[in-house]
Amino acid sequence: MAKAVLVILKVLVILICTGWIALWLLKPTDLWTRKWKGAEESAKTTVFGYYGLNFAVYTFPLIAVAIIGLVYLDLKVKEPRSRQAKVSPGVIYNPLVVNGFIGVLSAIEILAVFLFVLFLAWTFYARISNDFKKLMPVKSLNLNRWQLKYLRVATRCGLLSEVCLAFLLLPILRGLAIFRLFGIQFEASVRYHIWFGTAMLTFATFHGVSTLFIWGVSHHIQDEIWKWQDTGRIYLAGEIALVTGLILRILQSRPETCILSARIFPSKAIELILPKDPSLKFSPTSVIFMKVPSISKFQWHSFSITSSSSVDDNTMSVIVKCEGRWTSSLYDLIQAELDSKVDTTKRIPIAIEGPYGPDSMNFLRYDSLLLVAGGIGITPFLSIMQEIASAQNSSKYRFPTRMQLIFVVKKPHDICVLNTISSLLQNQSMERLHLKLKVFVTQEVQDGRTLRELLTDSSQVQTVHFSTECSNYATYGLESSLFIAALAGFASIAFLFFLICLNHIFVPSQKKASKPSKDKTPSWVADLLLLSSFIMALICSALVAIILRWRRLKSESPRVSQKDGKATDIETSSALEEHEIHFGGRPDFQDIFANFPNETAGSDIGVLVCGPESMKESVASVCKQNSQGVQMGDKKKKPHFNFHSLNFTL
């Protein structure tokens, strides 16, 4: 039954998206213009009004997709994991273009970019061709025909800039349902935001410069600028985005908790042990956003979770590479507590938002896994390895039994971060899982120490426990998808309600007038109505969310206890001798990929890489060559490498 509901919801999302896209494709045509004007005239005399019609047609489908997507994700999470079959990403998700300028692009990303460019081209062509057919001279400007055409082109480029602006903020909305449906994580979608922003600025710059140029050659630039300010529409996207960010920050804010303990590594990296609610579960590669008020009351920084909720119910950990200003301040704060000679250390209050992560672990369900990490890019792999190790004795999971970790560092002391998974490297209590580690130290030659000595030298790691005598709460995570869906629906209904009320109060009714007025409502009135409705709806939603969250915190959230901050020590084992360490060079990925199938079992291999862009491109190039070879040769004899690029956060 649940599976049928999931299929119905997914089909419904696809149908709404298809209809919404078709609407935007039809919008530039004359047929749509005639039909839309008739609908506008009819809507003016109804309770919805003109602006309610715009909201229902252009905005509501997107909100409906978000709500349905959240319901889908909530039901999918509740589905037993044993029923979640292994899903191979296939060729469309493997690297197709590997370029130093644009990065690594898969076939599905190239298709999406092509379709969006095609949409922009169609919109521009439909508009500009109609403009050229009805080209009329501007009374206030003395322009010839080519200048008029150029002015129309500049105007339509402004329209393309607005289209890009409409999509600009979508990729950076954390937890957006439509992206989670396709398995796109927040950190990976940031580059789509950059693409939209670059396109928007390009079109907007051409629009502004070209318009000013035409006004300049007609010697009316000063008059036109003032007229434009009086009669043109000033779009409030920036102001709306600012208000949205402020109110959503209130919604997403968390009660303060505190750091239980910290471990300082010689590579100027620190591991923070944080309290969490036992009911909080998260997937590997999840990230949290953290604020330390004693450093900055406004700065939030994202960090990859290095622990597994399947292993530890009461704590979670992150590793921070302290190189920037904020992270260096955090390092100095913890180091000062370590250096202090007082018996009791003070507590360090923090605020946590998240975790955000994938809704399924299908990207881990392969015969074997090849993990490639560079520097602090090891952090998401620490949680992956702990999750897989904890699931080996469970029949509900289908995870690989053989893994190989390629860890590339600059200095030998950078290896110390692996001490958090020392028990896995020693193969303790893991009969069904085999993990092999290959470390490459690039900037130093052999100094006589073995990998075992580097990993087991616990004297290099310092531990400090902090006071937790506070009445704060442990981290309990985000609200459920159903709660967010209900809140989004409530906010949409409230927005429409306020918009209808304000529209009937401030916009003259054509129904009551004896003679319809030909004067249109000024655009600034429409802007104020939209913004006012938006603010009031968000305030109401924020109040509802805060009240419900306060009641939940009061009844459910546990207090922080000192015992949760216990750090584990590592032991020595002869099993460490199986692992390898290489000095003075980078790994040869061609050789590694050629030998890996012989060292492991299975033909379906997952390749996960996290590190510098140059490393990602090198690994992607090898996967691309292998994928092309499989397509041309015999798939049964050649292993298939499935490429996944992870984004670490500091």
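Positions of Cβ are set from backbone N, Cα and C atoms, glycine also.
All annotation found in TrEMBL is predicted automatically rather than curated by experts.
For the transmembrane segment (7-26), the residues of the chain that approach it from at least six positions outside its boundaries are 32, 57-58, 61-62, 64-65, 68-69, 71-72, 75, 119, 122-123, 178, 181, judged by C-beta separation under 8 angstroms. Marked as transmembrane segment by TrEMBL: 7-26 (among others).
According to TrEMBL, the transmembrane segment annotation covers 55-75 (among others).
The transmembrane segment feature in TrEMBL is assigned to 96-125 (among others). Long-range contacts of the transmembrane segment (96-125) within the same chain, counting only residues at least 6 positions beyond its ends with a Cβ under 8 Å from a Cβ of the stretch, are 21, 24-25, 27-28, 156-157, 159-160, 163, 191, 195, 613-614, 616-617, 620-621, 624, 643, 645.
Summarising the annotation, TrEMBL assigns transmembrane segment to 159-182 (among others).
Marked as transmembrane segment by TrEMBL: 194-214 (among others).
According to TrEMBL, the domain 'FAD-binding FR-type' annotation covers 243-362.
Remote same-chain residues near the transmembrane segment (369-389) are listed as 269, 283-286, 303-308, 310-311, 318-319, 321, 361, 399-400, 402-410, 414, 417-418, 420-421, 424, 430, 433, 435, 589, 592-593, 596, 605-612, 615, 619, 641, 646, 648-650 (criterion: CB distance under 8 Å, separation of at least six residues from the stretch ends). Marked as transmembrane segment by TrEMBL: 369-389 (among others).
Annotation source TrEMBL lists transmembrane segment at 482-507 (among others).
Among the features that TrEMBL reports, transmembrane segment is placed at 528-550 (among others).
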Arithmetic mean of per-residue pLDDT over the domain 'FAD-binding FR-type' (243-362)
82
